[in-house]
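Take a look at the structure set out below.
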Amino acid sequence: MTPQCQSYLQQFETYMQSERQLSAHTVRNYMYELQRGSELLPEGVDLLNVGREHWQQVLAKLHRKGLSPRSLSLWLSAIKQWGEFLLRSGVIELNPAKGLSAPKQAKPLPKNIDVDSISHLLAIEGNDPLTLRDKAIMELFYSSGLRLAELAALDLSSVQYDQHEVRVLGKGNKERIVPVGRYAIEAISAWLKCRKQISCEDNALFVTEKGKRLSHRSIQARMSKWGQEQALSMRVHPHKLRHSFATHMLESSADLRAVQELLGHENLSTTQIYTSLDFQHLAKVYDNAHPRAKKQQDK
């Protein structure tokens, strides 16, 4: 570090203490973060002639080292204050750190339900309409990884029983076709026998005892109820079954693109909304990977 740079660092420390009246702890942290950043700058670049591209490179290095978003934010605050100080002092014309931001902390994925617990959850017994309906709902959630809104919006015509598939209207009104496993098809068929006895107002696949389309909240409440009755160790809700579907599929197939297509996820890194995989490939991956859809020889 050049004597000139050291001199400005001392002035910066005094400025933080006297004019900004920051606590000794904050000033100490800022000085440490500046030193940390200067050590990662390329040869020939110091804290006086550093450019925006240099700080971006240092930010990337610190991120790769595993610094938390909170630590990165502290470092960014230090270099931004340093830049403002040099700007006020007439050393630079633009603050090279202005506008830089730390990568957002990734939200933790919800814990998935293991295959054995899923099997226990779906082993509910009973021939009453509500039980048969709820079993069909949970089987379909886990079978096809549908979103809550997608499942609630299904009509009688949405399920193609011969082809073992369901036509879904996802986010942004994007339609996709998703395979449906044998267990789910059987559960839906059992439910439909009871549904015929209910006077229904519309063509909704899943309805209440009064024939109205089942609401999102009702589906969530029923799933939570069955999770408690089956003594699962975690709360059961639609997204947890969707997440479990994705996790178990990836564990079995490792075909990320196919699972993304099945889930109806948009790929933000390209201009295409969906991957170019055809349905035959998706069905093959599904049949070979899904725990409750693997093909078995006819008895």
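Each Cβ is built from the backbone N, Cα and C atoms, and glycine gets one as well.
As the structure is a computational prediction, the values presented were derived from the model and not from experiment.
The annotation active site is assigned in Swiss-Prot to ARG147, LYS171, HIS239, ARG242, HIS265 on the grounds of sequence analysis. Here Swiss-Prot flags TYR274 as active site, O-(3'-phospho-DNA)-tyrosine intermediate. Positions annotated as domain 'Core-binding (CB)' by Swiss-Prot, on the basis of sequence analysis: 3-87. The domain 'Tyr recombinase' annotation in Swiss-Prot covers 108-287.
Note on the domain 'Core-binding (CB)' (3-87): DSSP counts are 64 helix, 0 strand, 21 coil.
DSSP assigns LYS171 (active site) to a helix in the three-state reduction.
Here the CA atom of LYS171 (active site) lies 15 Å from the CA atom of ARG242 (active site). DSSP gives ARG147 (active site) a coil state; it is part of no helix or strand. Per-residue pLDDT, averaged along the domain 'Core-binding (CB)' (3-87), amounts to 93 for this model. For the pair ARG147 (active site) and HIS239 (active site), the Cα-Cα distance reads 7 Å. Over all protein chains present, the Cβ of ARG147 (active site) has 17 other Cβ atoms lying within 10 Å.
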